[in-house]
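The structure under discussion appears below in the form of structure tokens.
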Amino acid sequence: MSLIDPTQTSISDLRRDYRQQALLETEVNANPILQFQSWFEQAVQAELPEPNAMTLATVSADSQPSARMVLLKGFDQQGFIFYTNYLSRKGQDLAQRPWAALVFWWAELERQVRIEGKVVKVSDSETKAYFESRPRGSQLGAWASDQSQVIGDRDILDQRLQALEQKYQNQPIPRPPHWGGYRVTPHLIEFWQGRTSRLHDRLCYRYSDQEWILERLSP
């Protein structure tokens, strides 16, 4: 198989220099969750598109990695929360290997946050409260889709949705038992700020012996 000629696409020439800000130990919060809150609020205030979008990486029982974009739906001192179908590929991965990595990329701010940690399901009460806050179409979609399973064509999905709309017409939509939330409880959080000459700032928090340890990593 021949490779695409890089001279046509100039992929090797695609680069930018980062010059906006620095990230110094003396300026960050000792608590990485509070530091994340500060950066997240700045991303929201900058009106970035979907600042809560994050890459979620998981690994299957046979060591096959996979990654996808999901939306952060909450965070606190216990961790970072997202919701999905428990029977999806990521759900099956997490049932067998309950560890994950998250990545936030805020290009306009030249910032990245990496998170690694153990994953647990959130409580039924938390999941119920969030499901009931979702738009009605999203609630129906959670029933209509057998996420990650092969489907014949789009019409099948549309027909399922139409049938569900009729079934639950003028009544509340219950939460599917196969749908709910996960919390990634971090043991590592790294903050990355782009700098000139590829000498980026990387500050990494590691949780050890009941406390967070802050270290600078080489770029």
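Cβ atoms are placed via backbone N, Cα and C, with glycine included.
According to Swiss-Prot, the feature substrate binding site maps to R15, R16, D17, Y18, K73, Y130, R134, S138, R198, L199, H200, an assignment based on sequence analysis. What Swiss-Prot lists as FMN binding site is 68-73, 83-84, 89-90, Q112, 147-148, W192, R202, and the listing cites sequence analysis.
Sequence features annotated in Swiss-Prot and their locations in the structure.
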| residue | record | Cβ contacts under 8 Å, 6 or more apart |
| --- | --- | --- |
| R15 | substrate binding site | none |
| D17 | substrate binding site | T196, S197 |
| L72 | FMN binding site | N52, A53, M54, F80, I81, F82, L102, F104 |
| K73 | substrate binding site | N52, I81, F82, Y83, Y130, G181 |
| Q112 | FMN binding site | V103, F104, W105, W106, F191, W192 |
| R134 | substrate binding site | none |
| S148 | FMN binding site | N85, L87, S88, R89 |
| R198 | substrate binding site | P219 |
| R202 | FMN binding site | L23, E190, F191, W192, R216, L217, S218, P219 |
Neighbourhood of V70 (FMN binding site) by C-beta distance under 8 A, where only residues 6 or more apart in the same chain count:
A53, M54, L56, F82, T84, K90
Measuring Cα to Cα, how far is R68 (FMN binding site) from H200 (substrate binding site) in Å?
25
Who sits close to H200 (substrate binding site): which same-chain residues at least 6 apart have their Cβ under 8 Å from its Cβ?
Y18, W192, Q193, G194, P219
Among the binding-site residues R68, Y83, R89, which residue has the largest number of other Cβ atoms within 10 Å of its own Cβ?
Y83
Check Y83 (FMN binding site) against DSSP and tell me helix, strand or coil, would you?
strand
Can you check what DSSP calls S148 (FMN binding site), collapsed to helix, strand or coil?
coil
